[in-house]
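Q: Sharing a structure here in structure tokens format.
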Amino acid sequence: MNFILIAVIVLGTIGLIAAIVLFAASKKFAVYEDPRIAQVGELLPGANCGGCGFPGCSGMADALVKGADAGSLDGLMCPVGGAETMGKVADLLGMAIANTEPMVAVVRCNGTCEHRAKIAEYAGLRTCAAMHACGAGETACGFGCLGCGDCVAACQFGAISINPATGIPEVDDEKCTSCGACVKACPRNIIELRKKGPKNRRVFVSCVNKDKGPAAMKACAVSCIGCGKCEKECPFGAITVENNLAYIDHQKCRLCRKCVAVCPKKAIVAVNFPVSKASTTSMSSTTSSSSETSETSERKEEQA
Amino acid sequence: MGKLIVSLSPHAHSRDSIERNMYGVIIALMPALLASFYFFGLGSVIVTVTSVAACCFFEWAICKYILKKESTLRDGSAIITGLLLAFNLPSNLPIWIILIGALFAIGVAKMTFGGLGNNIFNPALVGRAALLVAFPAQMTTWPKIGQWDTYLDAETGATPLSIVSSAIRTGDVSVLDQLPSSFELFLGSSSGGAGAMGEICGLALLFGLAFMLYNRIITWHIPVSIMGTAFVFSGLLHLANPVYPDPVSVLLTGGLLLGAIFMATDYVTSPMTPKGQLIYGVAIGFLTVVIRNWGAYPEGMSFAILIMNAFTPLINNYVKPKRFGEVAK
Amino acid sequence: MKIKTFSMGGIHPEENKLTHEVPTIVAELPKQAIFPLSQHIGAPAKPVVAKGDKVKVGTLIAEAGGFVSAPIFSSVSGTVFKIDTAIDATGYRKPVIIINVEGDEWEESIDRSNKLELVENHPDLTPEEIVNRIKNAGVVGMGGACFPTFIKLTPPPTAKAECVIINAVECEPYITADYRLMMERSDEILVGLELLMMGAKVTKGYIGIETNKPAAIELLTEKCAKKFSGTKYQVEVVPLKQRYPQGGEKQLVDAVIQRQVPAPPAIPVNVGAIVQNVGTAFAVYEAVMKNKPLFERYTTVTGKKLTNPGNFQVRMGTPMKNLIDACGGMPEGDNKLLAGGPMMGKALTSTEVPICKGTNSVTIISDDEARRKEPQPCIRCAKCVGVCPMGLEPYLLAKLSEVKNWERAESEDITSCIECGSCHYTCPAYRPLLDNIRLGKATVMGIIRSRAAKK
């Protein structure tokens, strides 16, 4: 009898002390968590892929709620869930999403092996970042693609790969989630997120060289020399030339392709337009002649 | 004019290479190898050749058929593993047991972790430990020296360490009188002495150490700290109770020199900073004496090294070199 | 006496001082001179000439573009051809002024005589005046880093200068420009040192020279004794044991006065030392005593396969090609063209790059030595830890940069790296340690700056 009593008292006391300690700890170290974070977290895919740029979905949920409190969800995008998920999240948080238009990463360099002569050989660490720190690289163009694939390494979705024939990365439109990891990884800011466009059709300047005309001309056969012809030709005012470089605003561009025809250096590229249509217009010059890469990428993308 | 080559600085290299270091270690092992041939004759030749060939074969086969990458045989590390494994074995060990040991050393301890540079434990020691557990009888009977033409049928005898061990267990100091003199232990020439192949001649091992230090293959930190600690700690024990052996014979018996010079200094499994290497060495010296005197096995060196191999990442994480200009806290 | 050196790490690369005993010759004038606007650390200079302007030797062509900046002077006489871009030592196209050379007409204010001007004959020189003249003459550190010299002479109020250390170590392999300068212009260098000590308001001076230059040690010791004994100045020539990177500021201060400069942002003057290159001392002499702005320097052109390597007194803006041709032309086969020595020099993609204020050497490395070997896995041999002169763990920093763990890289003091390349030099696995560390360091510095900007 005594034996049982002792056991009960001892265990009871231990239980009581533990309960008090736990209660005190939970009061003292209580952390308030916004219940909306958990709700948003449930809407997200839960794949923890990191494509949004945050460490996992809970990080994204946290950022979304904070963004909503700050009054804007701009720049926050779940690449996996897409517009649908973001719409639900926005409803929950009572926000409107400004930009749910599908975007895609675009590589703005066409300096393939045949367009850009090699003037040197790089013998160091084979990453773009190291090569960029070393100087212009193996060619005379100090702005163009280095071809070591930092963007490929950065892509979580296997959407970007170096084409062995050209040495330039290519983006798979279907796999690209427009998370922007490659944009950050590229030391030369060649990759840009642009509107995916109807039927993946896009027109863009495939060059980021800011050298003056003669220097750019010497460095690469398809470099933009900032001549301004496209700027004058564009009926929608979508093209601006700054620092010897033309840029097409993808929000204003209506894909008329007039600029493609006038570019003397074939630096403006139109992708995913049907070839037959192109032959009737002045487009023919682009697709038939020097921009072979855009053609191959077109074909690839059509197959995909 | 040819092409211009560019890269970031520096543009000069010492022309040191992994091969140079590995083959340097192999050269340093040669005196001990010759000594083992001299003392154990035919048996030692068979064991060494088998072990080295098996290690190289397993490395080549695993690279080619399992990992499907270029063979890393050329760097010489498999030869070192083979030699060190052989040095830890009795010279009358059957070939099939050696093959199992080599498979453990290369297959389990080295290649599963990703090959040279990634293994946590010293491959040769893992091979030895596996054999010791799997084949305790074969692995604890040691042939006597001076049998030139015997292999499997070699006559076995008591090693100095087993003499020490029985002295401690019985508490009888007089047993220690059977120990050969320190000088004989140093040369390995004691009549009727026995032991593992590579550990028999202290002099040959010290030649190897001198060669490696001179060529800057290793630094002094690990061997000196192991020997120093073992010497001091066992010396204190000997003073307290003479049943424990005197420090000089502690240094010269068993695999202490072999381990301190060749096994503990393995690049991959030892700490990176001089301070860390000292901590590692002191701990190995201490653990060796502890295991020898109070453990179940007469020899503690290999287990001491394996234990400290496990602590190496921790040491690397917490022991930092003194930064330039750092103010002492 | 024990020969001094710095306290941790270091390597001993093959010296290859091919041009030690080759007397300096004056390089021919180029047909066209190219002046990059950014030849120094800090803001680029701003051009003050326009296309078609006539300039003389010593004419100001670009003024300092900020506090940390330096003006640029023409080294030739002629006409400004254009203001354009050209590839400079960074490997990128940068703004430059290009001048077509016509004749060799100097500004009259420059004293072209060879007469040694002594400080004693100019009692009106004040420290402020000296610093001002150095600033206006565009003098920057001539050892390669090109930090404007006048800033070093005016330390922040929190630090007090105690001595001037002349860096005559020249620990980089191949380069001999500083050695030739010491052998040929030692009197001027000592006057330059005196001016630097006056400018920094100190009386203690050291000249650190490695023991592979015994003639220079002997010559300068003798001249110092003659010049400074009995004056208020105490100048000591300190022989140093050969070891790379002894010419690094922090290592040199450690070697000469046994004081360690703490981690960045501390600079040598925080422990009382102002370090100046011998070339800078000479430039200071010319700027202050001869009124000659910085447009000329000593440069070594060297390489094992060059037929005729040599030392040149060259006008800045001269394309490297001219000097290489004077040495027998670019060797056959594949080469690496370096502005600077093999340890810290910059590899260039064009021989048209001009000699700038910091170009102490044009080094050409040929054939096998020009290429790096294929990297192998790290075998954790710890040799990089042993040679790091800053007490860092290069293997770890390189790995952290590779996996982009910037927080840990920062806590492991990646910003202390001086990019000397000892780790890479010594790595038996040929790993590109410094490539990775350099990228990591740049990223971490960026993170630290943006964090500071936010506060």
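Note that Cβ sites are derived from N, Cα and C of the backbone, with glycine treated the same way.
Predicted automatically and left uncurated, TrEMBL annotations should be read as such.
Sharing the feature lines straight out of TrEMBL:
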type	residues	note
MOD_RES	B:T159	FMN phosphoryl threonine
TRANSMEM	B:21-40	transmembrane segment
TRANSMEM	B:46-67	transmembrane segment
TRANSMEM	B:79-106	transmembrane segment
TRANSMEM	B:194-214	transmembrane segment
TRANSMEM	B:226-244	transmembrane segment
TRANSMEM	B:250-269	transmembrane segment
TRANSMEM	B:278-295	transmembrane segment
TRANSMEM	B:301-319	transmembrane segment
Q: Can you find at least 3 Cβ pairs under 8 Å between the transmembrane segment (B:79-106) and the transmembrane segment (B:21-40), where each pair is 6 or more residues apart in sequence?
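A: Between the transmembrane segment (B:21-40) and the transmembrane segment (B:79-106), which are separate recorded stretches, there is contact, as judged by 3 or more close Cβ pairs.
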Q: Do at least three C-beta pairs under 8 angstroms join the transmembrane segment (B:278-295) to the transmembrane segment (B:21-40), pairs 6 or more apart in sequence?
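A: Not in contact, no.
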Q: In terms of Cβ proximity under 8 Å, which residues at least six beyond the ends of the transmembrane segment (B:21-40) contact it?
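A: Cβ under 8 Å, 6 or more out: 48, 75-77, 79-80, 83-84, 87, 91, 143, 145-147, 154, 188, 197-198, 200-201, 203-205, 207-209, 211-212, 215, 217, 258, 262, 267.
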Q: Hey, which bits of the same chain come close to the transmembrane segment (B:226-244), Cβ under 8 Å, at least six residues off its ends?
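A: Non-local partners: 167-168, 171-173, 176, 250-251, 256-257, 259-260, 264, 281-282, 284-286, 288-289, 293.
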Q: Which of the three DSSP states, helix, strand or coil, fits the residue listed as 'FMN phosphoryl threonine'?
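A: DSSP assigns the residue listed as 'FMN phosphoryl threonine' to coil.
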Q: I'd like the Cβ neighbour count for the residue listed as 'FMN phosphoryl threonine', meaning other Cβ atoms within 10 Å of its Cβ, all protein chains included.
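A: Summing over all protein chains shown, the residue listed as 'FMN phosphoryl threonine' has 24 other Cβ atoms within 10 Å.
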